[in-house]
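Please read the structure below before turning to the comments.
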Amino acid sequence: HLKENGRDHHTSKFSSKELIVRRGQAFIVTFNGIEQPEQNLTFIAETGPKPSKLAKTQATFSISTTVSKDSWSAVLQSTSSNSVSISISSPPNAVIGRYKLSVQSTSSGSSSPASLGTFVLLFNPWSSGDDVFMPNKAECEEYVLEEFGIIFAGNKNHINSFGWNFGQFQGDILNICLSMMDRSLNYRQDPATDLSHRNDPKYLGRVLSAMVNANDDQGVLLGNWSGNYEGGKSPSSWTGSGEILQNWKKSGFKPVRYGQCWVFAAVLTTVLRCLGIPTRTITNFSSAHDADGNLRVDEFYDASGNHLDRAADSIWNFHVWNESWFSRSDLGPSYSGWQVLDATPQEESEGIYQCGPASRYAIKEGDVDLDYDCPFVFAEVNADCMYWNYDPATGKKTLMFSQSTVIGQFMSTKAVGRDDRVDVTNDYKYEEGSTKERDIFKKARKKLGLEDKFDPTAPTPQEIDQKPDISGKFKVAGPLEVGKDLNLILVLANLQSHAKTVHVNMTAWSTVYTRRPVNEIWKDFISVTLSPKEEKQFPIKIPYTEYHQQLTTDNVIQVTALCHVEGGIQVLVQRDITLDNPAIDIEVLGEVKVNKEVDVEVIFTNPIDVEVTDCVLQVEGNDLLRGIL
């Protein structure tokens with residue numbers, strides 16, 4: 001009854017000829033050649049290489065008159081002269097995966113069970129007994145059944161977005177997701193224990209966050225943040241998860257080259273939605289990577305204003321992770337709901353590159369002592385920033401300024417049923433700068449033992465309290481598009497009531513979106529005297545011809561001005577610029593009808609004065625394209 005079961009279990013989008021159902025809900029099977037079924041039938045459902053009742057990977061059950069809530073059961077639906085229909089139910093906490101179903105007739109004296117075939121059992125967010133139960137049906141549609149998504153990127157000043165084809169119901173994706181569980185380190189070390197935990201979304205979310213990256217376990221994607229993507233595909237050229245997962249399988253499960261954070265997050269979304277765990281992507285702008293766990297991120301600049309790549313800490317223009325929806329019986333009801341999972345390999349957790357599930361509520365409340373990886377996620381949205389001037393010759397570092405409000409901004413996800421951006425920052429922390437937010441930060445530091453510990457690398461209170469004599473900022477004065485010249489204005493203002501002389505070293509570097517410098521594009525120097533309380537503006541122009549060959553595929557330029565104020569402390573002015581690629585417009589020509597071909601026109605306008613050659617157009621759309629373009 002593939003059609004009826006598929007409709008009832010919200011699995012009809014799968015393209016498989018195999019029965020795919022969700023746990024905690026009945027499905028119908030009909031078979032022939034059985035007499036007096038209610039008296040003499042025993043069913044066996046089993047999964048994994050060594051099924052056992054103890055590990056919950058084998059269930060034996062006979063026909064009963066009622067459905068059991070906490071065990072497998074079979075209820076007779078109807079009989080005719082030669083066939084019988086049975087309604088089979090699994091418990092809402094059953095192990096998920098591919099099962100073999102067989103039946104044994106006790107009356108015929110036959111000892112070996114007859115195989116009825118296989119079926120796949122998934123999580124069930126529509127069932128109130130399931131750990132992943134999601135009461136809002138529109139959210140179930142979006143976070144489990146929607147195959148198309150929107151991911152937000154850019155930077156805090158300039159948020160952009162792009163479409164992504166999750167494609168969790170396409171072709172062989174379900175089989176690949178099932179294979180992924182069987183290739184994890186946990187399964188390889190102890191298959192029986194691993195299988196027995198596959199009823200738990202906490203466990204599977206953590207295991208799959210490790211499997212989506214290639215570190216440790218020959219997982220799906222190899223990360224690369226160098227700006228050089230030879231030997232693979234640039235992370236920004238992927239448009240969907242299907243090709244990545246298919247390539248992983250076709251290559252004999254060798255890691256696919258290359259991924260960056262949104263690719264890891266998108267592939268994990270595909271896998272978890274496929275298995276029935278409600279999941280979405282979250283973009284955090286100005287995201288901290290706190291490598292040493294002190295809730296502080298240090299950045300270093302030389303006297304010329306060059307951003308030095310010498311610290312393990314970093315502030316990414318944006319970072320994308322996942323939220324999955326399930327209950328946290330291990331922590332208590334207030335910690336249930338959205339849980340943070342992150343497949344991007346940043347720091348090891350229990351010796352493996354995996355991250356989460358961290359309860360979003362725990363992050364907001366500063367409960368960083370709770371499982372799993374809460375301190376790292378808390379730092380991503382809350383860390384304080386220290387900006388240092390560093391002299392490579394002497395090793396001396398001088399604090400220029402510190403900020404406690406720049407990390408974790410405009411946290412974004414796609415709206416339910418619409419392509420709009422929804423801001424979820426307030427779900428991760430109290431209002432920036434409020435007393436409550438600072439109290440939570442102190443609570444987290446205390447729980448991590450940072451309040452009582454002397455940190456020789458931390459700035460002194462005197463350094464933190466020092467006040468600059470001038471202020472500065474970069475203003476954008478023109479379009480931020482690849483192909484156009486970059487026009488900025490450096491604005492410097494004297495905050496004092498006496499004149500100040502300032503020597504300014506300016507640089508522009510291409511970076512990857514993690515703000516790691518790649519190529520120097522431009523530098524300049526000016527000296528200026530500012531009258532008391534005077535503000536001056538200095539126009540800056542970086543022509544396209546100067547930056548285009550230095551740009552990475554992330555289209556990011558970091559502009560810095562290091563201001564040496566005579567008789568005062570140095571002032572750092574910086575801005576990260578993300579340039580938009582030229583738009584591709586899609587127009588549908590004619591009427592669109594189901595199962596009828598339709599022509600679509602794709603329009604691209606070359607924005608530069610030079611001919612572009614060897615262009616490739618990538619097109620992706622679930623169930624819309626046949627063959628290869």
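Using N, Cα and C of the backbone, Cβ positions are placed for all residues, glycine too.
Sequence annotations record features per position, and here TrEMBL assigns domain 'Transglutaminase-like' to 253-345.
Annotated active site per TrEMBL: Cys261 (among others), in sequence order. Applying an 8 A CB threshold to same-chain residues 6+ apart, the list for Cys261 (active site) reads Trp316, Phe318, His319, Val320, Trp321, Thr344.
In the shown protein chains, 27 other C-beta atoms lie within 10 A of the C-beta of His319 (active site). The active site annotation in TrEMBL covers His319 (among others).
The active site annotation in TrEMBL covers Asp342 (among others). With a 10 A radius on its CB, Asp342 (active site) counts 30 other CB atoms from all the protein chains.
Among the features that TrEMBL reports, Ca(2+) binding site is placed at Asn382, Asp384, Glu432, Glu437. Listed in sequence order, Ala288, Leu295, Ile407, Gly408, Lys429, Ile440, Phe441, Ala444 are the same-chain residues six or more apart from Asn382 (Ca(2+) binding site) with CB atoms under 8 A from its CB.
Once Cβ contacts within 10 Å are tallied over all protein chains shown, the binding-site residues Asp384, Glu437 are led by Asp384. For Glu432 (Ca(2+) binding site), the count of additional Cβ atoms within 10 Å of its Cβ stands at 16 [all protein chains shown]. DSSP places the residues of the domain 'Transglutaminase-like' (253-345) in helix, strand and coil in these numbers: 18 helix, 41 strand, 34 coil.
Cα separation, Glu432 (Ca(2+) binding site) to Asp342 (active site), rounded: 24 Å.
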